[in-house]
Amino acid sequence: MTDNLQLNAEGKLKHFLTIEGLSKSLLTEILDTAESFAGVSEHQVKKVPLLRGKTIVNLFFENSTRTRTTFELAATRLSADVINMNIATSATSKGESLLDTIRNLESMFVDMFVVRHALSGAAHFIAQQTAPHISVINAGDGQHAHPTQAMLDMFTIRQLKPDFSSLRVAIIGDILHSRVARSEIQALNTLGAAEVRVIAPKTLLPAHVESLGVSVSHNLTEGLKDIDVVMMLRLQKERMSSALLPSESEYFKCFGLTEEKLKIAKPDAIVMHPGPINRGVEIDSKVADGPQSVILKQVSNGIAVRMAVMAMAMQTAAPAPGRSGGIHTIPGERHAGSLPASGIHAIPGDKGAA
Amino acid sequence: MKIRIDHGRIIDPANGINRAGSVYIEDGKIVSATDEPAGFKPDTVIDAENQIVCPGFIDLSTRLRDMGHSRKATFKSEVLAAASAGVTTLCLQPDTAPVIDTPAVVELIKELAEKSGYPQIYAIGALTQKLEGTELSSMLSLKQAGCIAVGNANQPVKNLLVLRRAMEYAASHDLLLMFRSNDFWLGNNGCAHEGAVATRYGLPSIPEAAETIALAQCLELAELTGCRVHFGQLSCKRSVIKIHQAKKYGLKVSADVAVHQLHLTENDMTPFDSAYHVLPPLRTEEDKQYLRQGLAGSTINSICSDHQPHDLDAKLGAFPETEPGMSSLETLLPLMLMLVAQHAITLEQGIACLSANPARVLQLNSGALTPGFAADVCIFDPELEWQVNSENWKSQGANTPFWGQTFKGRVTHTLQAGKIIHRL
């Protein structure tokens, strides 16, 4: 089962729904493009005009603060117009179907949907159903995928440990319910990591987890040996009420990351967490705020990576019917579609003209 | 009214017939499938040259919707699909709206069946009131009203004590229990097989154990209560093994499999395509092979369509929120013939699994071309190719993963009690 839905005829990114089926070179292109955007946020005028005139709708069927905010910032830094729709509290609670919501927004001439939904496959469904000029970015669907989170984590790892082929990465916690874990595993394997290890009790591991290309451990102290990157996952409170775990304290005792346990990993290991953190449940504050933690770096990298993905997906976008589409409508500018990733810096707007 | 079907190959597994010849029908009944009755002057002659003439098919699990679900399909639309598929007898699962738990609903179904010109629709009565799994339904009244069996469709029975009582009560009235093995709690609201594919796509999943544990419990209760049980829509290897052991041990049980389970596995699912959303879910290649072997070795004696037509909206959405089920009456014969082409079963076995065997499960005088039986006959051309498209498709539900596919084998005539209800 390959997933060509997200690529256009030339093999370029059209939608970004999952890491699965994307090549190493495409993932590297995302990382390189993000690299070129990383500086933008530090400029006095934090904008490039790449997506000027484009309308991006943040369609959040599930609540989120961090992801939505970074997507919003990424879009505004690309000069797009952004609409935030918190559907969790609006239309669908009035009985409107997912499809009707999409159809209505489509007729408002939007160019991109950034979608978060509680059900696996929602982003795929929207990408299949939506008008051909619209790109869909998956901001997390059920337990399936969260590809931008995975890419911002790859970006963070690459900044600190550029050679993936020598990396041993441990992902610790609720793999079963984690879309982040699935996307991280696929990204790490595609980029050629030496080993991806999942560490969790059996109740938090999906069936046939090895088929994802990971090794498995049920013991944190054993599992952390030789590890270069420690990825912690958030533990949802409802896992206790659904009989997957006995208590937070027992979980912390077995799988909580403390300074002492971190010493088992390689001395220069980095600690990551997609947030929001449950201090004292999956991670000790001393580790979360300690020198090996890159958790806040992940957050700021989220903007550059999301800018990269949005810019790449919009470059391939076909012009909307009856409208002037494409990035090249900005006067005096080169056709953005022909820009190499590193060339995005050369846009005049980058120097503050926008 | 006298009908003669000429020049066909007659395959009638119950009577051990497989040869060229004619079938003679008078007043809605089979007169002979062997010798010409003296002085037989037909009013109608059907030429079945290069075709197979066999008993009409009996489907053990069908949903025709209608009543509260008429936006999905109606008796009118679905009996056309059934007739064009060579199906002459249907068993209706009790999860209609309203549920088949009172004689009045059974009467309503009979009336709808008569009105649609397709009288051989049998209701399976609800095992428990409103299918809620807590209180016994009025099974005797349901039987007297015409229910052919009882069952709880896909709904859970609250606990094993209720199931035991229900089975004891059904056994008291010699009612067959048609049981769908699924432990509700282990099923955990899943929508896909608990395996590599569900893991990759993050789909809530259903382990085989949800089926096998419920099946094992019901087998124990069958022994305890003496209730006759038919296990519907098996989906996995260990269910086949358990039924095999139970039969060897001497329990009076039987089983069927939905035809798509014999062809599709989790690996055939295109990502998040709701056409593949079925319950029980599509499982592994190994499960599929065991189901096929179970069929070849008669552990599983019937193939059903498990027909579940849906409206478009039911299948539009993220995979887990779409409704399970396929519209599958019309692909029943070609998919059976594909099993024969792939040497999984013989043609005689395939026809028996669709006619004589389900008739035996239901204790019906049907499913055979025996003189005196109602003339339910299916005539099909095993070589005729056709495409699944809106021109050929009769069911109101277009929810099939086989849409656009070209199949071999098509029904040319269907006779129900001597009445030609389909002609290609």
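Our numbering is plain: 1 for the first residue shown, then up by one each step along the chain.
Placed from the backbone N, Cα and C atoms, the Cβ positions cover glycine too.
The carbamoyl phosphate site in TrEMBL is built from A:Arg66, A:Thr67, A:His146, A:Gln149, A:Gly275, A:Pro276 plus one of A:Arg52, A:Arg116, A:Arg168, namely A:Arg116. For A:Arg179 (L-aspartate binding site) paired with A:Arg116 (carbamoyl phosphate binding site), the C-alpha to C-alpha distance reads 11 Å.
Secondary structure counts, DSSP: the domain 'Aspartate/ornithine carbamoyltransferase carbamoyl-P binding' (A:14-159) has 66 helix, 27 strand, 53 coil.
Cβ neighbour density within 10 Å is lowest for A:Arg66 among the binding-site residues A:Arg66, A:Arg116, A:His146, A:Arg179. Under 8 angstroms separates no C-beta among the binding-site residues A:Arg66, A:Thr67, A:His146, A:Gln149, A:Pro276 from a C-beta of chain B.
Taking H, G and I as helix, E and B as strand and the rest as coil, DSSP gives the domain 'Aspartate/ornithine carbamoyltransferase Asp/Orn-binding' (A:167-312) the counts 61 helix, 24 strand, 61 coil. Its own atom aside, the Cβ of A:Gly275 (carbamoyl phosphate binding site) has 19 Cβ atoms within 10 angstroms in the protein chains shown. Spanning the residues A:Arg66, A:Thr67, A:Arg116, A:His146, A:Gln149, A:Gly275, A:Pro276 that the record associates with binding carbamoyl phosphate, the maximal Cα-Cα distance equals 16 Å. With the fewest other Cβ atoms inside 10 Å of its Cβ, the least crowded of the binding-site residues A:Gln149, A:Arg234, A:Pro276 in this structure is A:Pro276.
Listed in chain order, the residues near the carbamoyl phosphate site other than A:Arg66, A:Thr67, A:Arg116, A:His146, A:Gln149, A:Gly275, A:Pro276 are A:Ser64, A:Ala139, A:Gly140, A:Val180, A:Pro274, each with its Cβ within 8 Å of the site Cβ centroid.
Cα separation, A:Pro276 (carbamoyl phosphate binding site) to A:Arg234 (L-aspartate binding site), rounded: 7 Å.
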